[in-house]
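J.: Below: one structure in structure tokens.
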Amino acid sequence: MELVSSITTKLQGLSTSDHASVVSMNLFVALLCACIVIGHLLEENRWMNESITALLIGVCTGVVILLVSGGKSSHLLVFSEDLFFIYLLPPIIFNAGFQVKKKQFFRNFITIMLFGAIGTLISCCVISLGAIQFFGRMDIGEFDVGDYIALGAIFAATDSVCTLQILNQDQTPLLYSLVFGEGVVNDATSVVLFNAIQGFDLVNLNPHIGLEFIGNFLYLFVTSTLLGVGTGLVSAYIIKTLYFGRHSTDREVSLMILMAYLSYMLAELFYLSGILTVFFCGIVMSHYTWHNVTESSRVTTKHAFATLSFVSEIFIFLYVGMDALDIEKWSAVSDSPGTIVTVSSVLLALVLLGRAAFVFPLSFLSNLSKKSPNDKIDIKQQIVIWWAGLMRGAVSMALAYNKFTSGGHTHLRGNAILITSTIIVVLFSTVVFGLMTQPLIRFLLPDGKSQSSTAVSSHAGSPKSITVPLLGEGQDSLEDLAQQHLNGGNRLRALLTTPTHTVHYYWRKFDNAFMRPVFGGRGFVPFVPGSPTERTSASITTPFQ
């Protein structure tokens, strides 16, 4: 009888636990719906966006849960790194690569890589050195050099999601494109840098360890990129060769989604950067694979990827808002509110300084390679780029949890201080900086709408059929590029002043001659009944849109 009673009690406990989980999920889904509805109602309000809305709703919900639970809890779900890195982040990053305008992205590739990769490293160094200088004198716990460098990587990660919702691509095309490209590369670089730090003992730093660390960073960066490109090409070849659409569009849509997710999981399997891998997989799949499927599958995949990304973004910001009031973390630092304010203020100041340390110098270097004044980044645009990248969000939160918590729980006072300070920085930067971004743009660039006249219209056959202007006027038809290369005396000058144009010219020739005939793409899939290519588009050979 005792055994039966014990089993019954355990089953009842499990049933109660399951029911509590169901209730939590119902409430969370209802809050997601509320965020979408309120975001729609605020669509015309350029001061607000879905990110800020979800954050504020999350904070309000956390307050209500705190009151209902008697101060025991503030969130419906316990933070899980697996939930974030395995399920929520991949759709966001893949969609960023899938929707990017590849022609414009790669024409500005040098500037984007300067900001996204080199700039992130500079920002990380500034923040790390500042943290060592200030926090070393404060009584916040025992941290080594590796912890401070990891802190630099955490706060070097910008929130490109919130930034892109603030900027308007029609009013500020060049700014939108640069911030978009930098944001994705920045996130990837921050995560790669953070992961590289975890594998090294930086307490006893010496030149050998430093070189090994740099080599490991470059290895992760290059191999992650190649894995993403390879997975995308495999998906393109399979779909082009087998023509799934003749019998079932469901199969080709399913294969595209699963191959995209497989690229991320393969990167995690081989301890590479899933963010970088899935981003470049998205670029390759939109350039080749997407054009190999039927027209109905193109529409389906475009909206499916965008929807998954949108819901994941809202989910993350809603949770961050609720977790801001987590009673466990605040209880651990309740005896030192002044320390929390000081640490948060120092981190905010370092974020401002770290971003300024690379935006303005690298913009100067980028302008040296531009011939036309219209293509250069003027000082007002540099200020907007600097400001728009000050927001910190989900990536910073996730990396901070990874470094300073165990299973979502904080046991050490020093770790609790850094976690709560991270939450304050994320909330303050997203809400305050986010709200002030649009007024700043209107003040500095009152004629921003006129910039859209230089737009490069996207092709109707690209995954995102909206205009994403990126470059100024007079930049490169294929004939203009060919003429540049016919002038032998100007070759070196063209290579130095417009290297991205030169690379793009040769890439187009290589792509048309070797890549598209094998992997497909717009205009390179022969028309057969039931094939992905329509008869009207069979002769189109415009590459790299």
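Placed from the backbone N, Cα and C atoms, the Cβ positions cover glycine too.
Just so you know, TrEMBL annotations never went through curation; they're auto-generated.
The domain 'Cation/H+ exchanger transmembrane' feature in TrEMBL is assigned to 30-441. If you look up TrEMBL, you'll see 20-42, 54-71, 83-100, 112-136, 217-239, 260-285, 305-325, 337-364, 384-404, 416-436 marked as transmembrane segment.
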J.: Sort out the residues at least 6 away from either end of the transmembrane segment (305-325), same chain, that have Cβ-Cβ distances under 8 Å to it, and list them.
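T.: For the transmembrane segment (305-325), the far contacts come to 28, 31-32, 35-36, 39, 50-51, 54-63, 65-66, 74-77, 79, 84, 87-89, 91-92, 94-96, 98-99, 161-162, 257, 260, 393-394, 397, 423, 426-427, 430.
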J.: Could you give the residue numbers and ranges of same-chain residues that sit at least 6 residues beyond the transmembrane segment (54-71) on either side and whose C-beta is under 8 angstroms from one of its C-beta atoms?
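T.: Same-chain contacts beyond the ends: 31, 34-35, 38-39, 314, 317-327, 427, 430-431.
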J.: At a Cβ cut-off of 8 Å, and with pairs 6 or more apart in sequence only, do we get at least 3 pairs between the transmembrane segment (83-100) and the transmembrane segment (337-364), yes or no?
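T.: Taking Cβ pairs at least 6 residues apart, the transmembrane segment (337-364) and the transmembrane segment (83-100) are not in contact, as fewer than 3 fall under 8 Å.
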J.: Report yes or no: does the transmembrane segment (416-436) come within contact of the transmembrane segment (337-364), defined as 3 or more CB pairs under 8 Å with a sequence separation of 6 or more?
T.: yes
J.: Determine which recorded stretch among 112-136, 260-285, 384-404 has the most C-beta pairs below 8 angstroms with the transmembrane segment (337-364).
T.: 112-136
